[in-house]
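Notes follow once the structure below has been shown.
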Amino acid sequence: MTTVRTGGAQTAEVPAGGRRDVPSGVKITALATGFVMATLDVTVVNVAGATIQESLDTTLTQLTWIVDGYVLTFASLLMLAGGLANRIGAKTVYLWGMGVFFLASLACALAPTAETLIAARLVQGAGAALFMPSSLSLLVFSFPEKRQRTRMLGLWSAIVATSSGLGPTVGGLMVSAFGWESIFLLNLPIGAIGMAMTYRYIAATESRATRLAVPGHLLWIVALAAVSFALIEGPQLGWTAGPVLTAYAVAVTAAALLALREHRVTNPVMPWQLFRGPGFTGANLVGFLFNFALFGSTFMLGLYFQHARGATPFQAGLELLPMTIFFPVANIVYARISARFSNGTLLTAFLLLAGAASLSMVTITASTPYWVVAVAVGVANIGAGIISPGMTAALVDAAGPENANVAGSVLNANRQIGSLVGIAAMGVVLHSTSDWDHGAAISFLAVGLAYLLGGLSAWRLIARPERRSAVTAAT
């Protein structure tokens, strides 16, 4: 392995054997495998939820922990993982994360009880937190030219979206044929291929002497964990129960201490200087609302089809396929239209489209024709397929390639917090309503409003500043 100067402040290592002419498709495949595994482990668990409930005799609260426990450690550790990537190198942290995720997936498959599965899912989330921001950083440095990078972001998102779209169907088939354990064993060959390709073909980025804000990260973790406990356990224990009120108090205290610390130290958890730019703030706000809506609705639909409509896991996966397959198709379309329209314009238009489609389902009942549900959710996912790469491109444009590690960590953290809150909120709705139809209707209302708020945020913080910049440049 030899080290070469790649320009600016970074260096890169030439892959083993001195090869530097690695095809773009090979690089994208290597860097997408981590995201594929992380995405699969949300979508396939949603379809397997009812089977896991029956097999391990879990409550709805425990099932929510199985899904959200993964997202909790994922969101909690993303910022710390971004700092580690800066300190010891993105490639090293990416491979570490893949290894942890690989072993945790095996532990999930072997889990004999709900408690053991929850613990393994927590470790899985930690592994995902390590490789997610490093994946974006490695992609940015692998494709330094902006136009090519934008195309590669679209292709990268399409690969991930395809796995997300096929995840419910593949997961349902595997659960029906081999049991719920098989959805975690699926990660083993994917992880092995991804680690081998990354080690062989992806060049390393330069490490930087960075102080890790460990006390701040610990407060961040405590605050998120306490909020998660209150949201997930509240419906079962009661919102005024001692443990729930204590969790809220711990969350508020940890958040207050974190805020005080952030204003007094030179190495804060959040890169607050980046939030001075409206594009960076807008991309992160859109990321939170987008994941709240997308993963909250996916969690709800996986259970709704099985409990309210009597579908098997495989049938539920097939029923979700026409709705989710639009997501990767739209990702590919984004790669073609991104040169004609600004990211802010695309985000605004397609967030509003997704919101309108979701709100059209607030009258859903068990007798609503399947094709009506499929069309509405499918249209929403057309919007989602544009939104995902669009927000990432807007973020990179706002932060600059030199801040890719930390910017990717912030965006992914906000997105996963959105997933965490969205899944927990849908769990609260389904636990608190009198029947599945009522729960689904309220869920679609929340999802639609989240998309619409995201659209307004994209217009105000991304699209309008882009137009002002374009006018200024023209004059």
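Glycine too: its Cβ is placed from the backbone N, Cα and C atoms.
Note that the coordinates shown come from a computational prediction; the quantities given were computed from them, not determined experimentally.
Marked as transmembrane segment by Swiss-Prot: 28-48, 65-85, 93-113, 123-143, 173-193, 212-232, 240-260, 285-305, 346-366, 371-391, 416-436, 439-459 (among others).
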Residue numbers, six or more beyond the limits of the transmembrane segment (65-85), whose CB comes under 8 Å of its CB atoms: 38, 41-42, 45-46, 49, 52, 58, 93-94, 97, 114, 117-118, 121-126, 128-130, 132-134, 137, 210, 212-214, 217, 220-221, 224-225, 228, 232, 269-270, 295, 299, 405-406, 408-410, 412-413, 416-417, 419-420, 423-424, 427
Intrachain residues whose Cβ lies under 8 Å of the transmembrane segment (28-48), provided they are six or more past its termini: 66-67, 70-71, 74, 94, 97-98, 101, 105, 124, 128, 131-132, 135, 138-139, 142, 152, 155-156, 159-160, 163-164, 167-168, 170-172, 174-175, 180, 183-184, 186-187, 190-191, 193-194, 197-198, 201-202, 295, 298-299, 301-303, 313, 316-317, 320, 324, 419
Cβ-based contact of the transmembrane segment (240-260) with the transmembrane segment (212-232), 3 or more pairs under 8 Å: yes
Residues from the same chain, set at least six apart from the ends of the transmembrane segment (439-459), whose C-beta lies under 8 A from its own: 282, 285-286, 289-290, 292-293, 296-297, 300-301, 304, 308, 344, 347-349, 351-352, 354-359, 361-364, 380, 383, 387, 422, 425-426, 429-430, 432-433
Cβ-Cβ under 8 Å with the transmembrane segment (123-143): same-chain residues at least 6 beyond its ends: 6, 10, 12, 24, 27-28, 31-32, 34-35, 37-38, 41, 69-78, 80-82, 84-85, 90-91, 93-105, 107-108, 149, 152-153, 156, 202-203, 205, 392, 396, 401, 404-406, 408-409, 412
